Amino acid sequence: MTEAALDIPDTARAYQARLGMWVFLATEIMFFGPIFLAYAVGRLHLPEAFIAAGRHTDVLLGTINTMVLLTSSAAIAMSTECVRDGAMRLARRLMWLTVVLGCAFLAIKGYEYAKDLREGLFPGPSFHAAGLSGEMGARLFFFLYFVATGLHALHLTVGICLVLVVQWQAARAPAVPLARRLEATALYWHFVDVVWVFLFPILYLAGRAS
């Protein structure tokens, strides 16, 4: 694969690939929408319980994971540009960096989940966080917290798998179709990151700002 710059035209196939991904992402927005709506309703009707529960989330780990995801978005964006420029070696390294950062996010989140369980924050019979055990609103907050972050982690896992597939194809596929595949994968990755950018303030910061 040459390192020379590639002139990749905006073909009908490329347009269809982007359109297909945008349609898919639109359905994903509708998938996450009810979760954000449920949070908004809960926060409106049970503000004190939601504020108190939000203060039990680990803002340090949430902040670290936010920085990890933002860095991964930059990495996959640069990888896409490298493929367009024909710099395949650098593109593949950036794809690996994206995968490593995605796995780091999941590892940190897994550690945070274990910490949450030890502190009794999982909604259910074992829910016994100090000062929150009698608060149904707090249980609702952490139910939404685990559902939202769990679904986000699932989507990120899918994104990691997609990047690995493109990475495998990078050694075999011509640069033009590879650029289209990586661009579609990058759109999905950016979507997952944007979801987290919305989740982070409402789950980690809102209770501390009140």
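Just so it is clear, glycine is given a Cβ too, placed from its N, Cα and C backbone atoms.
Computed from a predicted structure; not experimentally measured.
Feature annotation from TrEMBL assigns domain 'Heme-copper oxidase subunit III family profile' to 1-208.
The transmembrane segment annotation in TrEMBL covers 19-39 (among others).
Proximity of distant same-chain residues to the transmembrane segment (59-78), defined by a Cβ-Cβ separation under 8 Å and at least 6 residues beyond the stretch ends, is recorded for 94-95, 97-98, 101-102, 104-105, 108-109, 111-112, 115, 163, 182, 185-186, 189-190, 192-193, 196-197, 200, 203-205, 208. Taken from TrEMBL, the feature transmembrane segment applies to 59-78 (among others).
Per TrEMBL, the feature transmembrane segment maps to 90-108 (among others).
The transmembrane segment annotation in TrEMBL covers 142-166 (among others). Cβ atoms under 8 Å from those of the transmembrane segment (142-166) belong to residues 28, 31-32, 35, 38-39, 42, 53, 57, 76, 95, 98-99, 102-103, 105-106, 109, 116, 121-123, 127, 178, 181-182, 185, 188-189, 192, 195-196, 199, 203 of the same chain, restricted to positions at least 6 beyond its ends.
Here TrEMBL flags 187-207 (among others) as transmembrane segment.
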